[in-house]
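Database features (Swiss-Prot):
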- 1-72: domain 'Core-binding (CB)' (DOMAIN)
- 85-248: domain 'Tyr recombinase' (DOMAIN)
- LYS149: active site (ACT_SITE)
- ARG213: active site (ACT_SITE)
- TYR245: active site, O-(3'-phospho-DNA)-tyrosine intermediate (ACT_SITE)
Amino acid sequence: MKSYIEPFIASKALSQNSQKAYRYDLQQFCQLIGERVNQDKLLLYQNSIANLSLSAKKRKLSTANQFLYYLYQIKYLNSYFRLTDTMKVMRTEKQQAAIINTDIFYQKTPFVWGQLISLLILELGLTPSEVAGIEVANLDLNFQMLTLKTKKGVRVLPLSQILIPFLEQQLVGKEVYLFEHRGIPFSRQWFFNHLKTFVRSIGYEGLTAQKLREQFILKEKLAGKSIIELSDILGLKSPMTLEKYYKS
């Protein structure tokens, strides 16, 4: 398919700079696609450019689509293929989230606040607002339990032994909340910033609180928790949002 790049470029009235851009984009495209075009390979290419700037992505999509149409016109391709922005969405909906190795989350770090936030989500499946609402009085490290009081009700969650040292470190000098300044809880942005800084420091940039919570869900399911049990642990009104994780 690479052999058709130059004839394609020659068929268009392009400036020297545009020719270079087309050639560069199409060489990348052909390198990834190979000699046989199919939907799976096109989805792979689509995903490979997903994180580029909007202008760069549009340029590459346009160039690739023009080339695909040219290949169809000269009968190199029996079918007409076209890349669209929805292709990546279709693929991500089908992808099953995978469990990541979280050992690095427990290693020593200067970003101790962000670390504890991430561990509370990973270990207990808490939301950021639930983490922010943890009160010192409701943490019993001797019996390794957290009593979580929210608008949805009260949940008593077990604390793993590995989590205790991290909590002990942060409880020193706290008056009301686990995360506070002189008895006043930190803002939502504070939690976001500290979590973002920590996950970036360990090479997991882009790992959000939602994705960390998803890791808890996947591990609990793997451990044999039923959808109803997991729904209760998370304090959900209905297990409906968990159904996608339990589909065979």
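The backbone N, Cα and C atoms fix where each Cβ goes, glycine too.
Feature map: Swiss-Prot annotations on the structure.
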residue : record                                                : Cβ within 10 Å
LYS149  : active site                                           : 13
ARG213  : active site                                           : 19
TYR245  : active site, O-(3'-phospho-DNA)-tyrosine intermediate : 16
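According to DSSP, ARG213 (active site) sits within a helical segment. For the pair TYR245 (active site, O-(3'-phospho-DNA)-tyrosine intermediate) and ARG213 (active site), the C-alpha distance works out to 13 angstrom. Each residue contributes its Cα atom, and for ARG213 (active site) and LYS149 (active site) those atoms are 19 Å apart. As a whole-number mean, the pLDDT of the domain 'Core-binding (CB)' (1-72) in this prediction is 89. Across the domain 'Core-binding (CB)' (1-72), the DSSP tally of helix, strand and coil residues reads 56 helix, 0 strand, 16 coil.
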